[in-house]
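Trainee: So TrEMBL says this about it:
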- B:Lys200: active site, proton donor (ACT_SITE)
- B:Leu7, B:Gly8, B:Tyr9, B:Gly10, B:Thr11, B:Val12, B:Gly13, B:Ser14: NADP(+) binding site (BINDING)
- B:Lys100: NADPH binding site (BINDING)
- B:Glu185: L-homoserine binding site (BINDING)
There are 2 protein chains.
Amino acid sequence: MVNIAVLGYGTVGSGVVEVLNVNGDSINKRCGHEIQVKYVLDLRDFPGDPIQDKIVHNYETIVNDPEVGIIVEVMGGVEPAYTFVKEAILKGKSVCTSNKELVAKHGAELLKLSKQMNVNFLFEASVGGGIPIIRPLNQSLTADEIEEITGILNGTTNYILTKMSNEGSDFNSVLKEAQAMGYAERNPQADIEGYDACRKIAILSSLAFGMQVDFEDIYTEGITKITEADIKYAKAMGASIKLLGSSKKEQDHVYAMVAPMLIKPSHPLFSVNDVFNGIFVRGNVIGDVMFYGSGAGKLPTASAVVADVVDAAKHIGTNIMTLWSSKKLELSDIKRATHRFFVRVAANDEKTKEQIAMEFGQVDVIAVPDMKEEYAFITMPMSEETYQQKAEKFKNIVSMIRVNF
Amino acid sequence: MVNIAVLGYGTVGSGVVEVLNVNGDSINKRCGHEIQVKYVLDLRDFPGDPIQDKIVHNYETIVNDPEVGIIVEVMGGVEPAYTFVKEAILKGKSVCTSNKELVAKHGAELLKLSKQMNVNFLFEASVGGGIPIIRPLNQSLTADEIEEITGILNGTTNYILTKMSNEGSDFNSVLKEAQAMGYAERNPQADIEGYDACRKIAILSSLAFGMQVDFEDIYTEGITKITEADIKYAKAMGASIKLLGSSKKEQDHVYAMVAPMLIKPSHPLFSVNDVFNGIFVRGNVIGDVMFYGSGAGKLPTASAVVADVVDAAKHIGTNIMTLWSSKKLELSDIKRATHRFFVRVAANDEKTKEQIAMEFGQVDVIAVPDMKEEYAFITMPMSEETYQQKAEKFKNIVSMIRVNF
C-alpha cells in the first residue's frame, strides 16, 4: 500500500480524490500497489464530504508522517508550495504536482534534489492539463534533438479566439461570456496576457533543451489587441489566429516567444479549437509529432496527476532521470528571430502604398471587401528588429500579427 | 556501455544505426550509458558500409554473447523473429522491436517471459511509426479506463484517400502513383485490405484493455471499394473518408473493427492527412486525447526504436510493468455494433424512395448535383445486423460506408 497526501482540496485536488475513487481498481492494478489518500491539506473543513476525516490544517502532520510516500501538490502558486515540496523531498517523499508556477521557477532545483534523495518529482499536469507531454518528452522523444516545440497552451485564450472566429464577436464580449461559463477567471490577466502560456513554454523548452529556460526571458504578448477585423483578414487568407508559445533552435540559437500567430490548415495546430490544447514538436529524426487534448479542467488535469502518482508508486526507490540542468539557457535576442509579418495600415492611398513598397519591398497584399479604408499586407521574412525599424516610420499601423507560413 | 545488436539491416535497421550515429551524444546523455552497436545480423554483406565489420550471418554469435544487453529486432514477420526474440529474452537480454506481426501474435507471451526474466520487451515502433503511443498508453493514461481507441494507423491508405479527395482521382491511379513514389508496396494487399491496420488496432486494444485481442477476430474491411463518387458525397457532407481501426467499450462489451468511415471536421482525426497517422483515445476521466505524427518512414520509425533502446538501457535489471494478459478478450459480435450508415442506391425513382422509407424509416438524404441517377442517404443509428437485414432487400446498393457522426 502507498499512502498519499493531497495538498489543496480545490478543483484539481478534489478531482484527484474523485479519479482515485472512480478508477481505483484499475489504477491499483496498473500500479501494483494500493493507493490510499491518508491526508488532505486545506485551510477549510469539509463537513459531510467523504474526505472530512482526512482533512488536516497543519503540513507538519503530513511531512513528518513516515507512512506518507507521495505528496500531491495542487495548491498552485510558488509559496508555500515550494517550501512544502522541498521539505517533502528532503524527507524522502516523491512529489506530483500540477503547479506550473512552481515548476517553471524551481523545476531544475527540485529535480536535482529528488535525484539526490532518490525520489521523484513529477509534473505532467503542469503543462497541457491531461495531455501526456512531459513524460513523452522525457521518455519517448529521447532519440531526437528537438528543433521546435510550439503549443496552444492556454484553453481560455483558445476558446476566446475560436469564438471570435466562429461568431465574428469582439474580444470583450467573448471574454465576458467565457467568464460567465467558467472558462475564464474573473481576473483573466494571466490567461489573456499570455503569462500562463509563457510559464508552460518555459517548462517545455527547459525539458526539450535540457537547460533552465527562465520564463522572465521569454517575449510574451497576449491576445487583448486582436480584433474582429484581424479575424476577418485571417479568414480571407484561409488562416487562423492562435496564441502560440514557441521555442525554436536555429543552429546554436534558441528563440522563445508567446504571441498570437497566423497559421494555415496545413499546420497540425490549426484544428485545435475551443478549450483544447495542442503541442507540436519537431525532432531532427522523428519529424513532426503533435499531442492534443483537454488543456485544463478538473478531471483531465486530475488524470495526469494520478498517472504521475502511479508512476511515482512504481518507482519507489528509483529516480526517473529527467534532463533539466539548472544551468541557464541564454535565449537569443528575439530581435533576431525571423518570420513574416501581417500588417494593417489605416490608409489606402497611393502615397502610403508607395511608402510601404519602398520600406518593405515586395509584400503580399491581403484584400477584404468591406475594409476599403485600410491597406493590409504580409511582408517577406525579416527579423523582428528589421520589422520594428521599418514599422516605426509609419504612424498609422493598426495591427501586426506574426505569420507562421 | 551497453552493447546492442540489430537484427535486419533493411530500412528500419539502417535507420537505427543512422539515428545512433547522428544523435549519439545526446542519446548517450539521456540514457546515462554509451550505446554501441556490436553486431548487425543480415543474410547479406555490406561491403563499404561503415557497419560491414559488424555484420554477422549467424544469430548464435549474437545471442550467446553475454556482452550484448539489448536486441533490436527489425526484420518483420513472425518467423524467425519470434524464435530469435524468445531466445534473447531467455538469455536475459531486453528486446526492442518494430515488428507488428510479432507483437500482435506473441506480445502477451513475450511480455510475460520478459517479466519472469527481469528484462524488457518494448515495441513503441510497432504502431504509429514514430508517434509515441505505446508508452503513453502504458505509463501516461494509467489513471483512466479507456473507452475508445480509434486510429488512422496506415500511412499508405491515408495517402491514397487524401489524394483521391484532393484531386478527385480514382483509387487505382492513385495506388499506382503511390507505388511509384514508394508510399505503397508493389504488393499492397496488407495495406489496402486493412490487414496492417488490423494488427495495429489489435495491439492497441490489447494494451488499452489489458487482455489479448486476437487480430483474427477483428472485422476488417479495406479501401479498395471506395470510389470517386463516394468521395464526392463525402465532400458534399463536409466529411472525409478515413480508414479507421477502432475499438470501443460499451458497458462490458468491446467491439473492434477496421473499416473506412465518414468523419466530420469536429473529429480530431479529420485533419490527419497524407502519410500521417493519428491515434485518438477517449478515457473516462481524461476525455479525448490525440497523438499525431509520421506513421512510417525510416527515420521516424528508427526514432521510436532508439527511444525504446534508451528506455531498455535505463531499465537494465528492472522490468517495466505492462498490463497485457494472455487471457483472451472475447470481442462482441460486430453484428451488434451500432452506428449510422451512408448508403448509395443506383435508382432515383419514387418507388425506390418509398421502399427505402418503408425499410429504413427516417433517413438524411444526401444530394450531389451530378449524381442524379442515384439516391443516397444516411440511416438513423442501427446495428450492423439490422442494417444487413434491411440492405439485403435491395439489389441495387452501390456502396455503404459507416458514419462516425
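In case you wondered, yes, glycine gets a Cβ from its N, Cα and C as well.
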Trainee: Determine which residues of the same chain, besides B:Leu7, B:Gly8, B:Tyr9, B:Gly10, B:Thr11, B:Val12, B:Gly13, B:Ser14, have their CB within 8 A of the center of the CB atoms at the recorded NADP(+) site, and list them by sequence.
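Mentor: Here the non-site neighbours turn out to be B:Val6, B:Gly15, B:Val16, B:Asp42, B:Val74, B:Met75.
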Trainee: Taking B:Lys100, B:Lys200 as the recorded positions to compare, which has the smallest set of other Cβ atoms within 10 Å?
Mentor: B:Lys100
Trainee: Closest to B:Lys100 (NADPH binding site): which of the binding-site residues B:Gly10, B:Val12, B:Ser14, going by Cα position?
Mentor: B:Val12
Trainee: Around B:Val12 (NADP(+) binding site), which residues of its chain at least 6 apart sit with Cβ under 8 Å of its Cβ?
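Mentor: Non-local contacts for B:Val12 (NADP(+) binding site): B:Val74, B:Ser98, B:Ala125, B:Lys298, B:Thr301, B:Ala302, B:Val305.
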Trainee: State the Cα to Cα distance, in Å, between B:Glu185 (L-homoserine binding site) and B:Gly8 (NADP(+) binding site), rounded to an integer.
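Mentor: On Cα coordinates alone, these residues lie 19 Å apart.
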Trainee: Just name the most isolated of the binding-site residues B:Gly8, B:Gly10, B:Gly13, going by other Cβ atoms within 10 Å of its Cβ.
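Mentor: Fewest other Cβ atoms within 10 Å, among the binding-site residues B:Gly8, B:Gly10, B:Gly13, is found for B:Gly10.
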Trainee: What's the CA to CA span in angstrom from B:Tyr9 (NADP(+) binding site) over to the residue listed as 'active site, proton donor'?
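Mentor: If we compare the Cα positions of B:Tyr9 (NADP(+) binding site) and the residue listed as 'active site, proton donor', the gap is 23 Å.
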Trainee: In sequence order, which residues at least six apart in the same chain have a CB under 8 Å from the CB of B:Ser14 (NADP(+) binding site)?
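Mentor: Sequence-distant Cβ neighbours: B:Lys298.
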Trainee: Non-local Cβ contacts of B:Thr11 (NADP(+) binding site) (under 8 Å, 6 or more apart, same chain)?
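Mentor: The answer is B:Lys298, B:Thr301.
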Trainee: How many Å lie between the Cα of B:Gly10 (NADP(+) binding site) and the Cα of the residue listed as 'active site, proton donor'?
Mentor: 21
Trainee: Same chain only, sequence gap of 6 or more: which residues have a CB within under 8 Å of the CB of B:Leu7 (NADP(+) binding site)?
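Mentor: Correct list: B:Gly13, B:Leu41, B:Tyr59, B:Ile62, B:Ile71, B:Val72, B:Glu73, B:Val74, B:Met75, B:Ala81, B:Phe84.
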